Amino acid sequence: MTSYGNGFRMMAKCLLSLRSGYSVTAPVSKSMANVLWARYASTRIKTPPFPESITEGTLAQWLKQPGEYVNKDEEIASVETDKIDAPVTAPDAGVLKEQLVKEGDTITIDQDIAVIDTSAAPPEGGSAGPKKDEVKTADADAAKDLSTPQDSSKPIEEKPMPDLGAEQKESAPSSTKPAPDAKEPEFSSPKPKPAKSEPVKQSKPKATETARPSSFSRNEDRVKMNRMRLRIAERLKESQNRAASLTTFNECDMSAVVALRKKYKDEILKETGVKIGFMSFFSKACTQAMKQIPAINGSIEGEGKGDTLVYRDFCDLSIAVATPKGLVTPVIRNAESMSLLEIESAIATLGSKARAGKLAIEDMASGTFTISNGGIFGSLYGTPIINLPQTAVLGLHAIKERPVVINGQVVPRPMMYLALTYDHRMVDGREAVTFLRLVKEYIEDPAKMLLV
């Protein structure tokens, strides 16, 4: 114990020397050593690494509060940037001593945001947070026990009580009983009653007049945009201002794809675990059509507003995914080299990460062409906006049965409208129309994609 105490004081002495900048030769007392150790045995938590080109973010939420014990690498807060949400993790285990910023504050690169006391020992029952919750739940349970000490069996009987049918059965007799009750006073005093009822009728309109304003609310909710929504708004407006956007339309018969999917979806799901959808067919069709119309997969780059046309022999396919915070476009790398099942699997993985807010900046960077499927929400027709610096975006829509003339006969077919918005600065109308026609041909004859 003596050697441990001397070593502890020696460490405190060194800490004091380092912090003060002077050489400390006098002995350090045990109490002073404890004070110094508690003060300096701490770790400052900095902002997480930001993606390239991002210099600041917003502290969205604290997941741990001061006084709670945190483990190493445990998430204690989340930071919202223009593109992704980044978790803040504890570099060491200890008690969260102080929060240096508040929720909603703007934070910059390498900024200190919290302090952890690394000298604190972990509590026996885990972190302090769960203990507080356990106390609250215990108090709530105790309150329930005190409120119903002898009716432990009643909750089972009370469950059907909220049934509207039961309430209506009880209220029905009561609604019929006032009629005879109302008649009895009329027999006892027939004349005074009508006289009293007249002022009541006059007062009822006043009651309804005062009740009308409360039944029609005119409140407004003003919600400040989060960083992602602000960035989305800026980019969409930038696209409209910079690109010479034009949209061309077509429609395709989905009969072949629907039949193919119906025939093999269960077998594919059983063997591979991949749930085949329609997006993979359109993704494959687009990558095949790009081989003939490479401008669709290009971009305009260079100084000023752009003076260089860029053509590519690969396709990094951006897939639009709706999340609670806004639309994101994770990227499937080298989609042109992937099979239908590989594309479908990648879409499922990226979609799950997007909805869970777990996308990394690498997952969304440098797409070359975008597909947006508004049909899953019931959209019948629409014009998508180009995702700069890309030059085109394909919009898919709902599949609806419509009458179609085939070989002189009107027959019902599952049809889908397609919308291709393109930047007319790089893509000519002929190229855009040809590209969309090729996509239509591949979808209406999926086997053709395997032969190209």
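Note that the numbers count up from 1, one per residue, in the order the chain is shown.
Using the three backbone atoms N, Cα and C, a Cβ is placed for every residue, glycine included.
Listed in Swiss-Prot for this protein:
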DOMAIN    42-117  domain 'Lipoyl-binding'
MOD_RES   LYS83  N6-lipoyllysine
REGION    119-225  region 'Disordered'
COMPBIAS  130-144  compositional bias 'Basic and acidic residues'
COMPBIAS  154-170  compositional bias 'Basic and acidic residues'
COMPBIAS  195-209  compositional bias 'Basic and acidic residues'
ACT_SITE  HIS424  active site
ACT_SITE  ASP428  active site
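Long-range Cβ neighbours of ASP428 (active site) (same chain, at least 6 residues apart, Cβ-Cβ under 8 Å): ALA295.
Between HIS424 (active site) and LYS83 (N6-lipoyllysine), the C-alpha separation comes to 28 Å. Cβ neighbour count for the residue listed as 'N6-lipoyllysine': 22 (other Cβ atoms within 10 Å of its Cβ, all protein chains included).
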